[in-house]
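Here's the structure, in structure tokens; my notes come after.
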Amino acid sequence: MEWLHHVYKMNDFSSRTLWRFGCSARLLKANHSRTAAPNTSLPAVWMLLAQRSGRIPGLPAAAQTANFCTMREAVEENGSPELYSPNPEVRGMTLLNREAFKRTVVVPVLKVKKEIVHALVKALKHTVLQRPGLKRVIEDPEDEGSKLVILDPHQVPEFSLGQAEQEVLKHLNIPPEVSRYNLELTYENFKSEEILRAVLPEGQDVTSGFSRVGHIAHFNLRDHQLPYKHLIGQVIIDKNPGITCVVNKTSIIDSTYRNFEMEVLAGESNLVTKVKENNISYELDFAKVYWNPRLSTEHGRIVELLKPGDVLFDVFAGIGPFAIPAAKKKCVVFANDLNPESYKWLLHNCKLNKVDNKIKAFNLDGRDFLLGPVREELSKALVLEKEAQKPAVHIVMNLPASALEFLDVFRHLLVGEPCGAAVLPTVHCYGFSKHENPAKEIQERAEASLGASLDGRCATYLVRNVAPNKEMLCISFQVPADVLYKRPCPAEEKPASKRLCTGKDFTEENVVS
């Protein structure tokens, strides 16, 4: 039924939109379920079955569109908010004791014959227990021919079914009596957020988010979380398949080599790992090189700008997340990194991805790389006479802590006059900003380094929010010709060479003139 389909889509869109703005699960649930009161002129069992099938038997489509309500009124979550919380005695635990999390809760159940369990679960899909990790159908210890269907305690307050649910039971010949069942919850049944919320002091922030780098979970724990760091690490390993090591950053990123000190909180101490980004595999030692999975989209965005045959200079290349996909795109790539470990893993990943013959790698300071290989290659591009021979040139400078300070290198980097359609490189430079207008501030800092205005000649792109009031941005611009080229001074210009006149110069035509 088209109308019903649109209502579901509208409710689903509202839920996802609210979630993105940080609304609680309870608010989402209420928004998704709340509609006008149901039409009591229709059998309740039809209404519930129609939620699944989208059709009401025996009723014309027009009447369904006019009178049918797709969702029943939401039952307020007036059950105990602690229903799915671990044993309160775990508060303050610093050494993980999984047995201490056991708890028994009373939940509503229906006794159902085995052969109709499937039909009931479908008809009452909004009423049965929906919690991941918990079975909603269990054995009946008193009757081998029956099963117990666990209902959601929040949807069945006071162990009493609503009229619509009772109509479903009547239709399926199921006794409407709701029984009480003692359900034992163990450590395995709780989510990591629920465990950490139960352990940490009340009112304190619970950290459950982390960066995943292969088999490693990387945290930036706050001071109040440090007493529980080893427990947090073990919980993350328990609840996230594939994670076998949890680390916490213990120092800021070193601006020279872009790595940081870290502490292993739980699991193995092996920090050599494998990652996959934008369908390309990389290997790295997370303790010795910089890698941030949150930059995956930005890596892809820049590579998307490149065309086969373009030239890419990656000044602070790391292990190759810009350089390697660009080489795979048949670009000419020059990649550099000052960190010897990054340089080693860059070479390793070039071989791993079979582009080692397409990338020229350097282990230089970024400034030396710009003044050496970059200047040399740009000078070669100037001698190309045909427009079709001149590729686009991109220079990526992803060192947001200080890359803007390197832009002064472009001042008179090349000597001579730009000829014809000169090759003006496009620079993509990254920086951090805490300014209330970060784009403006980044542009002003770039202009200060270049010694020229970029008004109308640059674009800024917000990469990500690094911390409260701290943004990472990328400013892209073509280096202005009057910045890039140093024109020879008149004193430096050589005078025109004089030559002796010969008899050929004195033709009749010349004499007459």
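Using the three backbone atoms N, Cα and C, a Cβ is placed for every residue, glycine included.
Just so you know, TrEMBL annotations are computer predictions that nobody has curated.
Quick look at what TrEMBL lists:
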type: DOMAIN; residues: 210-481; note: domain 'SAM-dependent methyltransferase TRM5/TYW2-type'
type: BINDING; residues: HIS299, ASP337, LEU338, ASP365, GLY366, ASN398; note: S-adenosyl-L-methionine binding site
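Feature map: annotations from TrEMBL on the structure.
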residue : record                               : contacts (Cβ under 8 Å, 6+ apart)
HIS299  : S-adenosyl-L-methionine binding site : GLU277, ASN278, PRO321, PHE322, PRO325
ASP337  : S-adenosyl-L-methionine binding site : PHE316, ALA317, GLY318, TYR343, LEU346, PHE362, ASN363
ASP365  : S-adenosyl-L-methionine binding site : LEU338
GLY366  : S-adenosyl-L-methionine binding site : VAL315, PHE316, ASN336, LEU338, MET397, LEU399, ALA403, PHE406
ASN398  : S-adenosyl-L-methionine binding site : ASP314, VAL315, PHE316, GLY318, PHE322, HIS428, TYR430
> What's the longest C-alpha separation between any two of HIS299, ASP337, LEU338, ASP365, GLY366, ASN398, the listed S-adenosyl-L-methionine-binding residues, in angstrom?
Replying inline: 22
